[in-house]
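Taken straight from TrEMBL:
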DOMAIN    B:203-259  domain 'CBS'
TRANSMEM  B:361-382  transmembrane segment
TRANSMEM  B:389-411  transmembrane segment
TRANSMEM  B:423-443  transmembrane segment
2 protein chains.
Amino acid sequence: MESYNSEQRIAELEELLRAKDIPNLKDSLRRTNPVDIEEFMSDLDNEQSLIVFRLLRKDDAAEVFAELKNEGKHRLLTSITDPEIDSIVNALNFDDVIDTLEEMPATVVKRMLKNSDAETRKKVNEFLQFPEDSAGSLMTTEFVEVKPEMTCKEVLDRIKKVGSTKVTIYTCYVTSKRKSLLGYVSLRLIVTSDSDTKVKDLMYEDVISVEAYEDQEEVAKTFMRYGFTALPVVDSERRLIGIITVDDIMDVMELEATEDFQRMAAITPDEEEYSTTSAFKLAKNRLPWLMFLMISASFTSTILKSSQQVIESIIALNMFIPMLTDSGGNAGSQSSTLVIRGMATGDVELKDWYKVVFKELQIGLMIGLVMAIVAFGKCMLFDKVGSEVSLIVALTIFIIIVIAKVVGALLPMGAKKIGFDPAIMASPLITTIVDSIGLLCYFEVAKIIMGI
Amino acid sequence: MESYNSEQRIAELEELLRAKDIPNLKDSLRRTNPVDIEEFMSDLDNEQSLIVFRLLRKDDAAEVFAELKNEGKHRLLTSITDPEIDSIVNALNFDDVIDTLEEMPATVVKRMLKNSDAETRKKVNEFLQFPEDSAGSLMTTEFVEVKPEMTCKEVLDRIKKVGSTKVTIYTCYVTSKRKSLLGYVSLRLIVTSDSDTKVKDLMYEDVISVEAYEDQEEVAKTFMRYGFTALPVVDSERRLIGIITVDDIMDVMELEATEDFQRMAAITPDEEEYSTTSAFKLAKNRLPWLMFLMISASFTSTILKSSQQVIESIIALNMFIPMLTDSGGNAGSQSSTLVIRGMATGDVELKDWYKVVFKELQIGLMIGLVMAIVAFGKCMLFDKVGSEVSLIVALTIFIIIVIAKVVGALLPMGAKKIGFDPAIMASPLITTIVDSIGLLCYFEVAKIIMGI
C-alpha cells in the first residue's frame, strides 16, 4: 500500500477531471480525504465544482461542504437543487448546519430550512441566539447521554443504536432526570469494565464544563489547560445543553493566535483568510491604525521642533535619531510581545506585574549596558563624531533601553487591567511612545553634557 | 452538584495545607484535576510540595508529575526515594517518560532507569535517537494494534484486556504480519457494527500518517488540516512504530505560535516559559538581534550625514523624519505579519507570490493616497511648514507606504524560499530596511521639488 500524499491526490484529481475520466474520478474521490477534496474544488469554476460535488457520496458531500469556505458554500447552495440542499442539510452535523446558517444571507437560509420540521426550526433558532464567539455557537447537541442507573451493557447497546449519528461517542455524559450534568464516563471505562457495572460506579463527578455564553477564547484555554478532546456545555442552571469537540477548538486556537498577530501588527482583526479577502477590505482593516499611529508619531515633530536650538548647535546629533528611536522601539516590542504572549497562554498573570517589571528592569540594565558600550565604540571609531556626541548617544541608548523594557512590559498589562486586549499595545504603539520618550531623553542628556 | 472552578479548588487546597488538615487535603486532592494540582504545587517550597505529592494516589501522582515543568520535575526527582521514582516511571505513559528523560541531567536519568529491564532500556534508547522536534519524539507506542482477520468481538475483547494501559483505544490501527500499516478502524465502527464483522471489511485503507523524522510543526499542520485526534507514525518502510495524540499536538501548536511571536519581535526563540526563565537568559536571547538591528540602523546615520546639505537648507524637513520612518515601518510590518501568519497556517503559498505582491500593491496605493492627503493637511494646517515642505512630506509618505507594503510582503516569502524562517523578516527588520529606503526617497523628493 502506498502512503497518502495530499498534493499527489489533488494533482491526480485535476488530471482525471481534465481528461473527463468520470468513472476513475469518482473512484479517486472516494479514496480522498474531504479536506483535500475541498482544496481541489476551491480552484475549479462553478460548473466544474458542481460536477465534482455531484460525484461525491452523500456522507462525503456533507463533509466536503462543511470544509468549504463561506464563498464556496454560498456558490454551491445557489447552484444546486432544493432536494440536494435537503440531503446535505440532513447529512451535516448540527454544529456545521448552525455555522453555515450564521454566515449565509437570508434567502439561502430560507432555502436551507425549507423542508425542516417545526422542532428543527425551534432548535436552530435557539442556537442562533448565542453570540458568534461564544461556547454556545461552537457546540453540538449530538452527544451520548446516559443515566446513572444504566449498566455498561445498556450503555453499549445504546451506543450501538444511536452511535453513528453522534459527533463523539467516546465520552458519555451522565445526566439526572432534570437534565442536570452529574458526571461523565469514558467509553474506555465502559468497554473495559464488567458488563453489569453501573454507570454511577464508574463516572467522574468532578466534571469540568463551560457555560454557553463563555467566550470561545476561554473555552480554548480550558481545552489546552486540561488536554481534553470534548467538553460539556451547560446553561446557567447547570443543565447539559451540548458538547464542544477538540477539532472545532483547534480552529479557534488558530483563529485567536491569528487575531493576536493582527492586533500586534496594528491591523483590525478579521476572521477572513488573507487569500480570500479583497484588497479594499484589507486596506480598510489596516488604515485606521496606520493613520492613528502616523498622527501620534507627529508628536515627535513637536519635540524635534522645540529642540531645534540643540540640533542646530550640534548638527551631528541629528544623524543618530533614527537609530536611537528604532532601538528603543525594538527593545520595547521584545518585552511587550513576550508579556502579551505570556498572558495569552496563561503563563504571565496580572497579579505578578511587579515580578515582570523587576525582571524587565534587570534585563534592561544588562542589555542597555552592552548596547551603550558598543554604540560608544561605533560612534568614536566609525562615525568619528567626537567623545562628547558619542557619550550622549551611548548614555541615551542606555536610558532608552531600560525605559523601553519596563514600559513595554507594563503597557500590555495596563491594557488588560482596564479591559482592553493587551495585543493592541504591541510593537507599533510601543514604538510611537518610546520614540517620544527617547527623543526627550536625547536632548536632555545633550543639554546636560554640552552645558546648553 | 457544584460546578468545577479551578481557582476555588486551588484556594481550597492552599487553605487546607496551611491548616495542616491532612485528611481533608488528601480528599480534596482526589477531587482535583492533576493540572490544577500542578499549579497548586508550583507555588510551594520543596518540603511542602513533597508532602502534597506523597498524598496523591499513584495514578494521579504520575499525571501530576507529567504536568510539572522541568524545574519541578528535577526538584521532585532529587527529593524522593528510588522506589518512589520506580513507581512513578511505571505509572507514566511512555511518551511522558521519554519527555522527562530528554530534559533531565544524566545522574537523574540514571536513577530513573535504575530498575528498568533491558528491553525498556533498548526502547528508551531507540526513542532518544529521534530529534527533539520530530514526530518520533512526540509519539507513544501505547496504541491498540489489530489484524485484518479479527472480528469486532475479538477487537473488543482485546481492548478489554489491554485497553486500560493504552493512550487511546478510540482508533485501532490495522497492521500486516510484517507490521506494515494497512489501515485504521474507529472504536465507533467496532461498537456499532455486528460482532462477527471482520476488521478488514470496516477499515479505512487511505490512512494519513507521518514519518518519524518529520518536523513537529508539519505534524501539527496535518492535525489541524484534517481535524484528527490521533495520527499514526511510520518508519521509512511504512511500518507502524507509534501514534501521536491531539493533546500533545495542542502543546506543539502553542509552542510554535509562541516561537513565531518571539521571532517576529526579534527574540531568539526559547521553549522555556517567560515566568520560569532567568533575566540573564532572557537578556541573552534578546541582545543579539537588538545589537544587529542597532548596527543596521546606523546605515540611516550615513544617509542622514550625506544629506546634511539638504537638511541644513530646509531645517523643517528634519522634524518629519521619525514620523515618516515610523509610518513606513508600521505599514511594512502589517504586510509582513499577514503574510508570515498566512504561510504558517497554510493560507498563503509561496507559488502565489505574484498574487500577494499585486494585492499589496493595490492596498499600498489606496492607503498611501489617503495617508498622503491627511499628512499634507496636517503639515499645512497644524505644523504650518509651507506648501513645499508639506508636498515633500505627503509625496514621501505615499511612496514609502507603497514600497513598504510590497517589500513587507516579499521579504518573508523570499526568506522562506531560501530556507529561512519567514518570521525572522517581521517588524523590526522590515522597519530597518524601510527606514533606509524611506530616507533616501525623502531627500530625493526634496531635491527634485526644491530644485537643489
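The backbone N, Cα and C atoms fix where each Cβ goes, glycine too.
Automated prediction, rather than curation, is the source of TrEMBL annotations.
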Positions whose Cβ lies under 8 angstroms from the transmembrane segment (B:389-411), at least six residues beyond its ends: 314, 316-317, 320, 324, 327-329, 331-336, 338-339, 353, 356-357, 359-361, 363-365, 367-369, 371-373, 375-376, 379-380, 383, 425, 429-430, 433-434, 437-438, 441-442, 445-446, 449-450
Long-range environment of the transmembrane segment (B:361-382) - Cβ separation under 8 angstroms, sequence gap at least 6: 320, 327, 331, 335, 389-391, 393-395, 397-406
Predicted model, mean pLDDT over the domain 'CBS' (B:203-259): 88
Secondary structure content of the domain 'CBS' (B:203-259), with strand meaning DSSP E or B: 25 helix, 16 strand, 16 coil
